[in-house]
Amino acid sequence: MLLSKKVIANFIPTITKIEDKKIVEALNAIGAEVESIKTFSMIDYLIIGKIFTIKKHPHAEKLNICSIQISDNKFINIISDSPNLFDQTKVLNKYVIVAMEGAELPNGITVINRDIRGMNSSGLLCSYADLNPQSSEYLSEYDSKNIIILDKANLGDTEVYKYLNIDDTIFDISIPSSRPDWHGIRFLAKELAAYLNLKYVELIGRAKQTDFHQINFKVLDETDNKAKYFGGIHLRNYQLQQSSWNTKGILINNHIKPINDLVDLSNLIPLFVANPIHIHDADKIVGDVRLVQATKKEQFLALDNKWYTVQENDLLVVDDEKIIALAGIIGSMATAVDENSINYFIEVGNFDRHQIIKSAAFHKINTYSANLFSKEISLYQTKKTFEYLYQYLLTKVYNQQLSELSKTFSVDEYHQQVKVNYDKIRSLLGSMNYLPDAMIQKSLTDLGFLVEDDLVYVPSYRNDIYNWQDLVEELLKILNINLFQPIPIKADYLLEVNNETNELLDRLSKKLRSLKFNHIRTYNLTSKKRAELLNLFKYQDPVVVSKPISETRQYYRQNILTNLLEVYQLNRSYKNKLYPIFEIQSLLTKNGANHHIGLVMANNLFNHSYDPSSGIKLDLITIKGISDIIVQNFGFNCNYQTINDDTYLVKNDSLKLVVYDETIGYIGKIKKSILKEFDLADQDIYCLDINLERLITSINRYVRTYEAYDHYQEVTRDITFQLKNEVDFNSFINVINSFNKLSKWEIISIFDATNQIDTNKTYQPTKYTVRCYLKQGDKTYTTKEINQIFDELIDLMKTKQILI
């Protein structure tokens, strides 16, 4: 979800003074995970000017010469072909953004004073695409062709981005699945304000609404409980116009294309409360408006100019003749508003989310409305939607132009109560003295709860609070537990940890870091698409989280490489150098967990920033050398074989790693078609993915027995052996575990060496040395008895064709 600092400021005005770093800390603390931050670079030599006069270019019909005032006593002439300058009555004395000579625009244009058809032009009148080309895909056709016209601005102001809200900060956040209300910034801002200890402002005015007209058609819900609410407002005699650039800028920052002021309003309010709105041309509606479930297949032309065939049980909004919307998903062209519309039906619904999910998936429609309706929406949010609608519309129209609600409804501010014991809360938080009742009550109130003595009333939009322990979790969002007086932890036990695996992995990390690779850590949870991408080991069916924090954090990843490429993608967007990076992590599958190492490189190793061609060349040989270092860290050598599958890697520039006839990894060049997913198709990127589990367990797969301390001296013998070519280490484990006269055993060394005895090469070159501990119990053995026991073990191993 995109979260605009400018939108938050509608509810927390003073947040504009808070550093972005502090806001990130606050969002993470309350449970909204920040994935990235986007800010916009400012441009020099921009200034606010005022259109003084416009006259046609004497030598070009499609050009105008504009006299622009840029200060009290300074005027310049600028030639422009913008279509909106031809209607002088609408633009004279309005404000424009002027790029003066020397301005370097993000689209690559450097502004110079120049002669155009015999007339001098001193600068450039800017369109939005000139200033923020990265967001040009969210511009309407009108805004793509025309320069920016501002109704209000300060003449000569050089901080021009604030008029377009380009001076915004956009936080890309993941929302917990238990908090669908947070898709409405109004609700998120309430808790953000509590954490930051800032004042929260309720936008909605409380003025009484009167003199509304009666809607002249019926709005009916004819489904069987498929909507919590279905209704709307009628607006009459209103001429559509362009929204202000303040509104357009906010919508563009949230990846929403501005259309006209009424449609833009229907897209702006859901940013606040997460309940979508749809606008119909009321004059195109025949008869009454009804919400129904489809009983037959029927086609309609949608607002995206595509034909869809509705399926049985799809939720439809219809009039007496036709389909006017696939409810909650997309409208029909049959009632689309256009420049001739003057009467409107503003539809507001709260539909069954399971049906919306099913229909949107079947028709493959991914609209903003469908995404919001696929989450749980409370009736309280629907109520707030109408309040915002009336508030904003009444700043544009008279009361008599608006109707009353087609269907009234009431919602309690709070929908359940929880009885609390403040001593229990303090005990659970671990602070019996630090937290007085009043502080707990104030904290809960700031979070949106109503507190009356030992009763806490839960807001109607919250469906995740069931008991007092849930309230403690809420308190932890805003209480700094680091200030609590620490309570000592008493423990009468010790835990012995097996650190062999960690030591091996730490040693590997140090080796790679010494080679200038950067060790990073990324999230284990991702989207289904990303979980299945670059799945070189072909793990089946990624593990799914039952209550994910968001759709992009729903599946356990099945490889590390995808996340590493996402890191490259992010660094590329910030124009950072792409350094070699790696990650070591345990990947969870339905068959268990396996340690993997993933590594990617996009540049020569050890190269200098001033000379990218320096250093060790990036190719398959280099990545092969890296893989040798990794495998040898565990005491093994590996062989390399060609790959047959070219789904992800370039077939003739990739290899698979094989140890003892078992594939443990892959190295090679990632295909451009895959890199395109990460905006990295112009790079040559080599990767490595090794399953370390077999390398780890081959030397750690032994039984550990912890016994009480006794006074007997440990009796051990070291045995060195080799295994036959056709068997693995499990054969030795089976033998030694069947010998019940040992207390434990461990591997103390592994090495490769030729054996003069094995002239036929029947045995593997790897030699293992194990230390065997005699099980003593309460008996003291003589040297002869000890030798007899270990001779028994050796004879047993020989019977299993283990070479001693």
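Using the three backbone atoms N, Cα and C, a Cβ is placed for every residue, glycine included.
Binding of Mg(2+) is attributed by Swiss-Prot to D470, E473, E474, and the same site annotation extends, among D454, D464, to D464. Surrounding the centroid of the Cβ atoms of D464, D470, E473, E474, where the record places Mg(2+), the chain contributes additional residues within 8 Å, namely I465, Q469, L471, V472.
Long-range Cβ proximity for E474 (Mg(2+) binding site), meaning a same-chain Cβ under 8 A and a gap of 6 or more residues, is found for L444, L447, F449, I465. Restricting the average to the domain 'B5' (413-486) gives a pLDDT of 87. For D470 (Mg(2+) binding site), applying a Cβ distance below 8 Å and a minimum sequence separation of six or more within one chain yields V418, D464.
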